[in-house]
Amino acid sequence: MEGSYGAPPPPESVQKKFALPVDSEHKATEFRLFSVAAPHMRAFHLSWVSFFACFVSTFAAPPLLPIIRDDLDLTATDIGNAGIAAVSGAVFARVAMGTACDLFGPRLASAALTLITAPAVYCTAIANSPASFLLVRFFTGFSIATFVSTQFWMSSLFSSKVVGTANGVAGGWGNLGGGATQLIMPLVFDLIHNIGSTKFTAWRIAFFIPALFQTLSAYAIFFLGQDLPDGNYSQLHKSGDKHKDNFSQVFYHAITNYRGWILALTYGYCFGVELTIDNIIAQYFYDRFNVNLHTAGIIAASFGLANLFSRPGGGILSDIMAKRYGMRGRLWALWTVQTLGGIFCILLGKVGSLGVSIAVMIIFSVFVQAACGLTFGIVPFVSRRSLGIVSGMTGGGGNVGAVLTQVIFFRGSRFSTETGITLMGVMIICCSLVIMSIYFPQWGGMFCGPSSKVTTEEDYYMSEWNSAEKERGIHMASMKFSENSRSERGRRVESAPTPINGTPSTYV
Amino acid sequence: MAVVEGFLVATLLLSCLASTSYGVTFSSLQKTLVVSASNQQGKVLKGGEGNITITWSYNNSFPAGTDSAYKTVKVKLCYAPISQQDRAWRKTVDNLEKDKTCQHNIVSRPYSPSNNKFTWSVERDVPTATYFIRAYAYNSADEEVAFGQNTDAHKTTNLFQVEAISGRHASLDIASICFSAFSIVSLFGFFFLEKRKAKSAEKK
């Protein structure tokens, strides 16, 4: 495979031995969960742990709101606004993060963001008014843009056969933080309160725990991580092995690809819904069913904790469907699972007893989180050149969904929380319908097969490069990717026409 | 699958049973207790420092024997309407089991028709808000049977304010600032190190 496109064979210094089997791009073709071998599995563990830490910080306030709202004299509107602020920062941060990954590499981008948002978490301990509370939640919320670097990193290190699984597990275990924090924060608060602090001091001290965790994980990424199988961006840029891409070209190809926009919208109604629930569910159970703080935290936690297996399950399902049905299978699975999530959401708002409510919530969480995993089984194939920005747009769309949903249904006192939940379910079902419009000419869409005029993966991915760039040979990574993505045809791979294995100048 | 269904049905039945209990309603109670508090107009009580003296007694203008069922009296700190606005967690509801108006207990005493006095020092976990005092009389089954409050029926007179402690301490402030500064400095350190590594890769 090496050198078949006219490029000189890689020098001996780059011929490394990897702990996992790799393809022509040196991406791992297997996903071994219990290994920490550099660079693939180590990067996996570093990225999900730091993303987990960011989620813990961003949603550290909701389980302690019954205390914080008394200390800072917050109204329901203040709380709603802070919840919206917490997820709105990341809308643009995620797109910016996508750009940063494309240009500087996921390792530096995620370590930098994690470290720069840590002060917001430290300063939550000194908030003293609704305004300052809103500000700290706003800036802390930027940290969950590390989602994009997680997905980008996994997409850079794992081949298309396992990318859905890698993305799903990394994303899911990171999102777990939103659930774990609902358990961790009340526990830490109780501990500090029992040692002797008053309630209004104990919650402040409790915030140092997520802040320190975040700082430490940033250090770990910087010192132990590696961007690509062959090295870090900065080294590869200088040694000439990796070309430093042109931002405006990368940006243009991302925003002109309609599939990125559609996935951004639908992600708003699986992940955005997940973020919304993380913000409101503890208070919902505390206020509606009169359970105590601890119990409300445990119930809320079980929503986020389902991420342990549900989002990875979505990713795995995506890869399984792709094996048999290719990209069309991935699309059908996404639409089905997300719509079912909407149905259970409608139900959640309707049930009035505690036990059934918890059961429905758990089922709902499995479907909604699996839909997130399924979405990122598709994202790596939308664009190769602009993977970072497309990931960022989709991720950002998730946050836009969270902002919109909270503004429309969960702010102030217009709807009761249970009515808001039901209406949110209706919105999920409606917005998921657009998945039907995604179409890849080389693979097809939900209702149509691949294009009748022979279109190959190379045609699709090479259209992102112009002839001048191809002459300079900087499109090679996309070429290799096109070859490797042929598996998205599903079982038809054996009978597919072999593309012209030739020089790039054939494609204009 | 059948096991899951069975579990769901069982939970449903149990929860139906659990939610059939009724509470006493506030509108069914008579205002037979006279409650007064020593707060001065315009003076704000500070959490952890201020105190307030409460006296309560039975109103003798009610027919004799009305208080025969009273066993204990619980005096509570209650939120005035202005502190309940846009805060559904402090809502006034007629069913006393669901009512959240009075969330802080001041004192609990066996019932006696007169000579009841208590000086309460404002605890440190009382939030900043406007309050009034209400006393409930309970019977031997621990159900509310009567009440009294130091304000009128619309809860507009004799209200007093509490200013809570902030919970902040100088040591916390300093720790927050120091750790934040440390994070930013580390970030610059990372960029510097990265540039150096890249330069040495170039030289190779």
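Cβ atoms are placed via backbone N, Cα and C, with glycine included.
Here is what TrEMBL says about this protein:
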DOMAIN    A:43-444  domain 'Major facilitator superfamily (MFS) profile'
TRANSMEM  A:48-67  transmembrane segment
TRANSMEM  A:79-96  transmembrane segment
TRANSMEM  A:108-127  transmembrane segment
TRANSMEM  A:134-153  transmembrane segment
TRANSMEM  A:173-193  transmembrane segment
TRANSMEM  A:205-224  transmembrane segment
TRANSMEM  A:331-352  transmembrane segment
TRANSMEM  A:358-382  transmembrane segment
TRANSMEM  A:389-409  transmembrane segment
TRANSMEM  A:421-440  transmembrane segment
REGION    A:480-508  region 'Disordered'
COMPBIAS  A:483-494  compositional bias 'Basic and acidic residues'
COMPBIAS  A:498-508  compositional bias 'Polar residues'
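By the Cβ criterion (under 8 Å, sequence separation of 6 or more), the transmembrane segment (A:134-153) is not in contact with the transmembrane segment (A:331-352), since fewer than 3 such pairs are found. A:331-352 is the stretch from A:48-67, A:173-193, A:205-224, A:331-352 with the greatest number of Cβ pairs below 8 Å to the transmembrane segment (A:358-382). In the predicted model, residues of the domain 'Major facilitator superfamily (MFS) profile' (A:43-444) average a pLDDT of 89.
Through the fold, the transmembrane segment (A:48-67) approaches residues 74, 79, 82-83, 86-87, 110-111, 114, 117, 121, 124, 133, 137, 140-141, 143-144, 146-147, 150, 169-171, 173-178, 180-186, 189, 199-200, 202-203, 206-207, 210-211, 213-214, 216-218, 220-221, 278-283, 286, 293, 296-297, 300, 304 of its own chain, all at least 6 residues removed from its boundaries and within a Cβ separation under 8 Å.
With a cut-off of 8 Å between Cβ atoms, the residues of this chain six or more beyond the transmembrane segment (A:79-96) that come close are 58-59, 61-62, 65, 69, 113, 130, 133-135, 137-145, 147-148, 272, 275-276, 279-280, 283, 389, 392-393, 395-396, 398-400, 402-403, 406-407, 410-412.
Sequence-distant neighbours of the transmembrane segment (A:108-127) (same chain, 6+ residues past either end, Cβ-Cβ under 8 Å): 47, 50-51, 53-54, 57, 60-61, 72, 93, 97, 100-101, 133, 135-140, 142-143, 145-146, 149-150, 153, 204-205, 207-208, 210-211, 214-215, 217-219, 221-222, 225, 227, 232-234.
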